[in-house]
Amino acid sequence: MMLETLVIISLLGCTHSQETQSMTLEEKTSIRHQIIEMFDHAYGSYMKHAYPADELMPLSCKGRVRGQEPNRGDIDDSLGKFSLTLIDTLDTLVVLNKLEEFEEAVRKAVSDVRFDNDVVVSVFETNIRVLGGLLGGHVMADLLKQRGEKMQWYHDELLHMAVELGHRLLPAFNTTSGLPFPKVNLRYGIVNPLSRTGTESDTCTACAGTMILEFAALSRLSGESVFEEHARKALDVLWERRQKGSDLVGTVINIHNGEWVRRESGVGAGIDSYYEYLMKAYILLGDHVFLQRFNTHYSAIMKYISQPPLLLNVHMHNPTVGVRSWMDSLLAFFPGLQVLRGDLKPAIETHEMLYQVTKQHKFLPEAFTTEFRVHWGQHLLRPEFAESTYYLYKATGDPYYLRVGQSIVEKLNTYARVPCGFAAVQDVRTGTHEDRMDSFFLAEMFKYLYLMFSEKSQLPINIDDYIFTTEAHLLPVTLSITQAPSQANATEDTSVSHDEDLFTHSCPSMETLFPNNPSFAKTIRDGYKYLTGVGRALHSLPVREIELPLHDNGIEPMEFLKSMGISLTSLKEMTLGDPTTQKEQKGVYRVRIVAEVGATPEEEAVVPHVVQLISPPFLGRTVLTAGPAKFGMDLTKQEHGVKGSIVKVSPYTACGPVDNAAELKGRIALVLRGDCMFAAKARWLQQTGAIGVIFIDHREGSNSDETPLFQMVGDGDSTEDITLPLVFLFSREGAVLTAALEEHHNVDVLLLPKERQLGYDKMEEPISMNIKLLLTQEGEMEEISAGGPTLQFVLENEEVFSKEELIGSEQQDGRTQPCSADSSQSLNSNAGPET
């Protein structure tokens with residue numbers, strides 16, 4: 001094997017970062033006032049433009065009323081025509097010391113909000129947002145009344161509303177297993193023929209396991225034990241169904257037989273708040289069994305899922321096998337939970353990784369790869385990163401986390417603020433907005449940010465007397481000494497033995513964790529500071545030389561590095577004529593890295609596809625850019641693509657049996673994104689005999705010009721059974737296709753990669769090469785080339801062609817190239833020694 005050594009120059013320097021500076025009281029006060037102003041802008045916009053609707057549409061400056069706006073699938077299951085944002089914001093008003101506004105908001109909720117609505121809602125979302133909001137509001141109202149300051153008219157109205165809502169959610173628990181249905185009709189429950197729900201068979205782990213805080217608090221405040229009983233039973237089932245070998249749980253479970261439907265295990269979407277509620281149920285209720293269960297799960301998480309600073313997804317039955325190469329933004333809550341556990345080191349590591357991702361993309365993308373590239377570009381103004389930042393600041397007192405909080409405030413104001421509130425970001429790469437401001441933005445984001453920049457004396461309540469629910473609603477820890485209403489509220493002690501550590505049964509202290517080391521957090525963070533490359537100093541001094549030996553594995557090392565986009569410069573060329581960069585300069589040192597060149601898997605590039613309309617009157621002239629799928633037929637291997645007539649599916653979302661199956665046979669199906677996974681839709685349509693599927697985005701206004709293409713992914717299980725070709729159109733392109741179908745009824749299309757569309761001439765991409773020429777006097781070249789091989793061009797006066805000789809040679813070659821008299825003159829001039 002030939003071994004060649006190349007010298008790569010990296011330019012390093014140091015900058016004085018604001019992040020390392022402490023924050024004065026004046027600065028904290030200024031930022032706190034800014035947070036209050038931002039809250040007033042968001043809440044005021046909701047009350048002015050949206051109330052009594054559930055949510056504000058900040059781009060349209062109006063309320064989002066379910067049934068009056070285009071259906072968004074599962075997202076709309078949070079909306080129940082119960083003024084969601086108002087109720088979700090109640091205790092935030094108290095924390096921000098807006099007591100007048102709080103009293104007015106409670107009056108509005110009591111007088112205006114009704115739950116007897118014929119609407120199907122998510123049990124999980126309604127519990128954490130509405131039931132939790134009512135309970136948090138009741139606790140605050142009761143406290144203010146006892147103080148004699150406000151709310152003297154209040155007689156537990158919010159608690160009565162919470163009891164009513166709790167009873168409307170209870171029918172969801174009418175299953176053989178005790179796991180709740182994912183949806184319930186607020187008026188008709190589950191079994192009623194008018195309920196339009198109850199056919200679901202699966203629910204997510206977090207959906208079933210995130211009821212205990214709200215339901216137990218409701219039982220203990222109202223005296224009705226039934227709520228706590230049902231929530232405990234659901235947790236018992238999830239615990240019993242854990243994988244006994246790994247102590248991990250899956251993401252989706254069958255509510256009737258308790259079998260796992262999706263077996264990937266992580267700490268993000270689908271599972272997140274199940275772990276959170278085990279820990280917090282112990283704190284709120286004082287039940288030691290919940291702590292035992294959490295510690296057992298936590299040991300498994302740290303063994304299989306946590307690979308600092310990453311938190312990966314694994315297969316619950318075979319936890320050494322990873323199941324995906326990306327992380328979702330919901331896992332950003334986990335460092336905060338680790339702070340409660342007392343495990344600060346991995347909390348600091350993961351939080352720092354998340355912070356570096358926000359530096360690179362402004363916000364946390366909804367999902368990002370393990371190489372910190374965008375997987376899903378959406379950002380819904382989620383508060384989980386702010387939540388963990390708050391917990392870390394409270395635990396460490398490190399002003400670094402105040403600077404992180406300051407950056408969150410600044411980015412929200414710069415990139416999400418619009419005239420009517422704050423708008424979600426449709427794609428962090430483009431900065432485009434989405435007409436959406438979820439209620440959790442007011443319930444959580446402002447609460448955590450305000451608390452971060454406030455002293456205890458500046459708060460109207462003692463925040464240490466409360467536990468935060470997953471929606472940041474405040475429940476008093478005194479509930480732990482409240483007598484449980486019934487002996488039935490005893491959770492089975494089926495704990496398993498596991499390794500215990502210092503903090504298994506007690507809270508940590510800074511002195512125990514990091515004695516005599518006030519800068520411990522910085523020490524941990526420094527190793528992860530430049531994970532994404534953002535923030536690295538760019539100064540020319542000092543120069544670090546790295547000798548990188550490359551084993552010659554069949555490709556010339558120089559060409560190999562060029563193919564990777566690495567530009568190489570000779571040290572002699574860099575230092576020529578610049579004495580400040582000579583090796584004698586202080587701070588220059590040499591590091592030898594031995595590395596073997598091997599193939600490394602890169603993120604798969606998205607190959608643009610198209611939907612080309614080929615029937616009259618289009619005749620191939622209308623071409624719509626489409627995204628591919630990672631499963632189903634590979635259109636890049638089909639020479640002529642797939643041709644067929646298009647038919648709109650009924651129902652349009654195709655998440656169950658298809659009504660017009662006979663019409664779809666042998667045709668290409670048009671189906672709307674949403675309500676269920678792409679793979680589920682594809683399976684239903686494959687059963688009809690369709691020959692292809694075109695998915696159309698349900699997000700209004702999305703288009704391929706402003707939003708990068710992505711590859712549709714499966715449902716986590718094997719998708720080998722799906723053989724249809726599948727493509728995805730954004731909303732604007734989809735509207736062109738559906739309009740064509742409505743006007744012409746019979747429309748034929750081609751599904752194929754963009755480069756193979758009819759009438760498309762693929763141009764050869766030019767190959768570019770940078771060549772650096774250094775003109776020297778005779779004899780100087782030997783000195784420069786002494787360090788390695790060189791390519792020499794020698795110009796000699798004796799070998800200059802005349803104009804006539806050049807023209808003659810061109811004509812003999814069959815080609816005539818224009819040559820001006822001026823250029824001929826320059827060729828024949830005597831260059832002299834300067835050349």
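Heads up, the Cβ atoms here are built off N, Cα and C, so glycines get one too.
Residues annotated as signal peptide in TrEMBL: 1-17.
Just so you know, the Cβ of GLU125 (active site, proton donor) picks up 23 other Cβ atoms within 10 Å once every protein chain is counted. The active site, proton donor feature in TrEMBL is assigned to GLU125 (among others).
The active site annotation in TrEMBL covers ASP272 (among others). The Cβ neighbour count for ASP272 (active site), using a 10 Å radius and every protein chain shown, is 25.
Counted within 10 Å of its Cβ, the other Cβ atoms near GLU366 (active site, proton donor) come to 21, all protein chains included. Marked as active site, proton donor by TrEMBL: GLU366 (among others).
Sequence-distant contacts (6 or more apart, same chain, Cβ under 8 Å) of GLU384 (active site) comprise SER329, LEU330, LEU331, ALA332, PHE333, GLY336. Summarising the annotation, TrEMBL assigns active site to GLU384 (among others).
Residues of the domain 'PA' (642-735) grouped by DSSP class, helix first, strand second and coil last, total 19 helix, 24 strand, 51 coil. According to TrEMBL, the feature domain 'PA' maps to 642-735.
As annotated by TrEMBL, region 'Disordered' applies to 804-835.
Feature annotation from TrEMBL assigns compositional bias 'Polar residues' to 809-835.
Mean per-residue pLDDT, taken over the domain 'PA' (642-735), amounts to 89.
Rounded to the nearest whole angstrom, the C-alpha distance between ASP272 (active site) and GLU366 (active site, proton donor) is 15.
Taking CA atoms as the reference points, GLU125 (active site, proton donor) and GLU366 (active site, proton donor) are 19 Å apart.
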